[in-house]
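**Q** Starting off with a structure, shown below.
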């Protein structure tokens with residue numbers, strides 16, 4: 001998606017350790033109009049698929065997922081929580097994932113009330129690096145008996161291989177911007193064509 005790539009080049013910052021900072025418009029301050037355009041792009045890509053639920057992971061995916069849901073008939077958005085809390089009651093699906101950004105493992109939890117057998121789920125997230133978070137969400141869907149219809153990613157770090165691995169496993173991954181390489185010394189970002 002050219003618009004997203006242009007925003008990344010204009011407002012993104014390449015940091016050491018393969019970190020791409022896009023907090024000016026994607027995952028701290030949110031550009032809702034951009035999210036709306038992203039939703040339209042995913043609605044076009046996943047046209048013809050039954051989507052009756054969107055699943056993401058807290059926190060950065062929530063804003064994107066809520067705007068995207070409007071393009072799929074206002075389907076419910078469920079977000080996996082990263083920590084147990086007193087608000088989470090009843091039966092739950094739980095797995096553990098490794099966060100590239102946070103450099104640690106954490107639990108991801110979804111109430112069994114909100115992820116059900118027979119659901120047709122679109123996974124949405126802001127970033128895809130090594131794919132561990134998405135694999136955790138996929139595991140939760142499989143445990144629930146839900147079908148993963150597709151995966152919508154704002155920014156994929158193509159050089160980290162997670163997206164390619166998910167595609168090889170048969171998942172329909174639509175990344176709107178795939179970063180092929182980044183250089184923190186001169187700030188350059190190259191996209192996959």
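Each Cβ is built from the backbone N, Cα and C atoms, and glycine gets one as well.
OK, Swiss-Prot features for this one:
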BINDING   20, 27, 157  xanthine binding site
BINDING   129, 130, 131, 132, 133  5-phospho-alpha-D-ribose 1-diphosphate binding site
**Q** Given the binding-site residues 20, 129, 133, which one is most crowded in terms of C-beta atoms within 10 angstroms?
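**A** Of 20, 129, 133, the one with the most crowded Cβ is 133.
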**Q** Have a look at the binding-site residues (132, 157) and report the one with the fewest Cβ neighbours inside 10 Å.
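**A** Least crowded of the binding-site residues 132, 157, by Cβ count within 10 Å, is 132.
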**Q** So among the binding-site residues 27, 130, who's got the most Cβ atoms within 10 Å?
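**A** The largest 10 Å Cβ neighbour count belongs to 27.
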**Q** Far apart in sequence but close in space: which same-chain residues, 6 or more away, have a Cβ under 8 Å from residue 131 (5-phospho-alpha-D-ribose 1-diphosphate binding site)?
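**A** Expected: 161, 162, 163, 165, 166.
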